[in-house]
Amino acid sequence: MYNVIFLGAPGSGKGTQGEVVAKELRLAHMATGDLFRKAIERGDELGDTVKSYMERGELVPDEITISVVLKHLAGLKDVSGIILDGFPRSLRQAEALDEALVKQGEGIGRVIYINVPEDELVRRLSGRWVCRSCQSPYQCGCAEVAEGKCSRCQGELYQRPDDTPETVKERLKVYFSKTAPLIEYYRSKGKLSEIDGMAEITEVTKRIVSAIKCGK
């Protein structure tokens, strides 16, 4: 199985790119944020715990994240590969993933780092609205946000609690202190491909696909 990690700060576009690239390359797509939001929707103890961290802009503790993700990965069947979006987010998570994959006789094929300047990240996140049904993102000022309706599935748009200006600053602070070190971790292993996230969306997709294919 060919495993690809998407790294990037909140607002870098890794979620959008993960979905598009997964479809193009026929890979499974796992977004940690989606797994957590499903837990929150269930309203169980795990969901309540996850919600409290996400609303403060903090990372969900490693032990919880590792358990949720590895359980999900173990349940995947008949897939040729997977794009991991939002995991790992710390060196401890990266080491846990490496260990789990080695036990299965697998490894990381390629790590895609989508690089976007911090001021642009703040702009994107503070103005981001998301569809409750399909999770499609929209920027403040577009027709869909004005109407409050998703153009893809007609679902209701809302602003996530973790996308408010105050929480955005905390999320980025956490990212640069805990997740950014993974860039050098994977670069040292010769697995990292850095992509300019300021390019047009279609161009970013093209560069990511090329990097993954070249890394195989």
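Heads up, residue numbers simply count up from 1 along the chain you see.
Yeah, the Cβs are placed from backbone N, Cα and C, and that goes for glycine too.
In the record from Swiss-Prot, residues Thr32, Arg37, Glu58, Leu59, Val60, Gly86, Phe87, Pro88, Arg89, Gln93, Arg171 bind AMP; the candidate from Arg160, Arg187 listed for the same site is Arg160. Within 8 Å of the centroid defined by the CB atoms of Cys131, Cys134, Cys150, Cys153, the record's Zn(2+) site, lie the Cβ atoms of Arg132, Ser133, Gln135, Ser136, Ser151, Arg152, Gln154, Gly155, excluding the listed residues themselves.
The number of other Cβ atoms within 10 Å of the Cβ belonging to Ser12 (ATP binding site), over all protein chains shown, comes to 24.
Among the binding-site residues Val60, Cys134, the residue whose Cβ has the fewest other Cβ atoms within 10 Å is Cys134. Long-range contacts of the region 'LID' (127-163) within its own chain (CB-CB distance under 8 A, at least 6 residues past either end) are made by residues 11, 15-16, 34, 37, 54-55, 57, 171.
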